[in-house]
């Protein structure tokens, strides 16, 4: 069994459902310290974070990831227990197999091979690992980034081990992500008997034309890196639970996934303008979980693309699609951030898995990326 596969199985066996780490990071420290990494545990409100660094010079290449996993869902629906790593028909099954314990194992073993083969390499190598990526993400990577910024540690490159590949290992690198902004809109009416609408004001009827306009609005055209900004309603809550009562208010939850062609302020102003145009009495609360970030084609993306091509023969595509990730926090302190990892078709699903044939090539791609940047 390869060292990367063995470490992946070790990590899967630790049931680190967010925000628990369950000893994953302690195991990583055991492997990193003998290589010369100075390891620091940073805890915040029940979340365990690891910052490890070898070297004190630039450039600093950081590998980032998360040891927490999403809940398993119904155990009886799993073909094998989610925290008992199991190989069947060329696949390794277990919660975290794809998202993202294989990536973490591959990064650590790649660093071990690189350091042992090139003890006099230039620059520094870092690891930023958290147990709060799948949860609120308020006490994880963002806490470490703030600490690093406060003490003046400069990151030059960061590779986040998110499962970015689509069909085969290496077909997709994420070189950016869209921002995410949510709104909770409460439209106020006047409750009353449904037989006497003249004595009430139905907020559902009132907001319908405004919602139709928001749905039809073209927010921007996107750009060469991003799809156009999208606006989606996720929930509508209204009614008193009876069929003969006009509700007093309706609550609408919506979300923007926005690109660099739009701004937070600009989108908010346009939403308010549409609501005001329709004469609604409303309250709107905004929350921003991440701003868009982008690493244009350059040193880091080229180094990783070359590593993928050399290892697999695959020509990779740069993409900014998908949800948010911890890359949004790291991009605030690091000029070049990309995400790369195994295929994502089974992530967060029952019987999550990775094809065993991809595990060592993933490790080799991470090692080749180090060679391209630090030799």
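Start at 1 and count along the chain as shown; that gives each residue its number.
Placement of Cβ uses the backbone N, Cα and C atoms for every residue, glycine included.
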Zn(2+) 1 site partner of 66, 99 (as recorded in Swiss-Prot), chosen from 9, 10, 153, 162: 162
One of 348, 353 listed by Swiss-Prot as binding Zn(2+) 2 at the site of 99, 134: 348
Rounded inter-Cα distance in Å - residue 162 (Zn(2+) 1 binding site), residue 133 (active site, proton acceptor): 11
Same chain, 6+ residues apart, C-beta under 8 Å of the C-beta of residue 348 (Zn(2+) 2 binding site), given in sequence order: 70, 99
Spatial neighbours, same chain, of residue 66 (Zn(2+) 1 binding site) - Cβ under 8 Å, 6+ residues apart: 100, 129, 130, 131, 132, 133, 134, 140, 141, 326
Cβ neighbour count within 10 Å of residue 99 (Zn(2+) 1 binding site): 27
Cβ-Cβ neighbours of residue 162 (Zn(2+) 1 binding site) (radius 10 Å): 28
Residues near residue 68 (active site) in space but at least six apart in sequence (CB under 8 A): 16, 17, 18, 19, 20, 21, 130, 131, 132, 133, 134, 135
